[in-house]
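The structure appears right after this line, and notes come after that.
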Amino acid sequence: MVSASSLLLAASAIAGVFSAPAAAPVSENLNVLQERALTSSATGTSGGYYYSFWTDGSGGVTYSNGANGQYAVSWTGNKGNFVGGKGWAVGSERSISYTGSYKPNGNSYLSVYGWTTSPLIEYYIVEDFGTYDPSSAATEIGSVTSDGSTYKILETTRTNQPSVQGTATFKQYWSVRTSKRTSGTVTTANHFAAWKKLGLTLGSTYNYQIVAVEGYQSSGSASITVS
């Protein structure tokens with residue numbers, strides 16, 4: 001059974017505790033970064049894919065790029081926040097396939113994750129999660145059926161938090177899959193269209209779009225391949 005304190009901590013995560021990654025500078029030596037484990041924030045290209053790894057620096061997390069669309073992440077210590085994964089430097093209404101293993105212990109998400117600007121929006125299409133269901137701490141405003149499951153649609157607001165445009169106040173859009181999975185295809189256009197029908201309009205300019213693992217005050221491991 002989850003304790004009351006754990007529930008309060010989990011509820012705060014979606015409401016504003018999870019720290020969104022700011023745009024980290026692209027490394028000057030991407031070939032070196034591709035071949036070593038990362039423990040501090042970085043972005044770049046690896047195996048023909050864009051990658052983004054952000055950490056608040058307070059937890060024990062290691063991110064490693066593999067061949068093509070593969071990456072791995074492990075985290076310990078039950079503290080701190082990170083987000084990392086592979087995908088594309090510019091998002092779009094693409095179909096994204098992924099497969100792999102995802103073994104969280106505590107608060108964590110596996111999702112298609114990205115940003116837009118004008119306006120500034122952070123979005124999640126959550127495919128799997130750890131002990132905390134992110135849809136439990138916000139009001140469901142709709143749903144969409146896509147890729148073999150129903151997704152709950154949520155909207156939250158972040159105030160004076162890190163973003164791809166520095167510290168800012170912005171909306172978060174969420175689709176949370178009701179039948180969790182660790183492999184499959186995500187048709188992002190279906191989610192974007194469903195959000196728009198509910199008045200959740202993405203920005204006119206797409207920033208990066210990745211299949212990400214995120215952890216908050218938890219531990220675990222994952223190995224994901226994106227295509």
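The first residue you see is number 1, and the count goes up from there.
Cβ coordinates come from backbone N, Cα and C, glycine included.
Of all ranges given (37-61, 87-111, 112-136), Swiss-Prot attaches the label region 'Necrosis inducing domain' to 112-136.
For the region 'Necrosis inducing domain' (112-136), the DSSP counts in helix, strand and coil order read 3 helix, 15 strand, 7 coil. Between Glu214 (active site, proton donor) and Glu122 (active site, nucleophile), the C-alpha separation comes to 14 Å. Counting neighbouring Cβ atoms within 10 Å of each of the active-site residues (Glu122, Glu214), the lowest count belongs to Glu122.
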